Amino acid sequence: MKIGIIGAMEQEVTILKEQLTDCETHHKAGCIFYTGNLNGADVVLLQSGIGKVAAAVGTAVLLEAFQPDAVLNTGSAGGFDSSLTLGDVVISTEVRYHDADVTAFGYEIGQMAQQPAAFISDEKLILTAEQALASMADMHAVRGLICTGDAFVCTPEKQAFIRDNFPTVIAVEMEAAAIAQACHQFNVPFVVVRAISDVADKESPMSFEEFLPLAAQSSSVMVAKMVEILNQ
């Protein structure tokens, strides 16, 4: 089984990259791909860049050039669920855009034209994430809706808009729905497993800078364990 792992930023992929054996580096379309072996599995680790377009371009290249059997999206996210604290993990059951609006043409808020309203995570990968979680002491996770947009959510107005339109949202970030849409179009299963680096409020930028390393550590540990389980 070949597994694709996607993180937007260098800090979000470094821990996993350092665990790869027989690592080779490839540069395509402005993205960095690391191929190698992780916990016995063939892995392609993508550093896509930040935002929806960068993520979609990188994911499309990953899927076309390397043809993974599944995609795991790792990294950081802003917490919306009240039970989440810094370093906790979020596991996607579905992913939606929070900044898409073609409702004038009869689509749901957040639904891109000619696309499903939500991109549904693969149930086997969700169960694998929960199995990985069960093997780790003192790690808390919430599964649910993750919303994506090309904005760092740090104002009460933006937070209220997202809560009003997506009341079940547990976390927000800037790449997952674009990754999910690419996987949907290539018919490749995906799941998002990220860790909380900040809470979506006015203190978010300061929190993000301080706690990104903690989020990267938590999400990387989860993903590495998932790879081990998937390879069994």
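Every residue, even glycine, has its Cβ placed from backbone N, Cα and C.
Binding of substrate is attributed by Swiss-Prot to Val153, Met174, Glu175, and the same site annotation extends, among Gly49, Gly58, Gly78, to Gly78. The secondary structure of Met174 (substrate binding site), as reduced to three states from DSSP, is coil rather than helix or strand.
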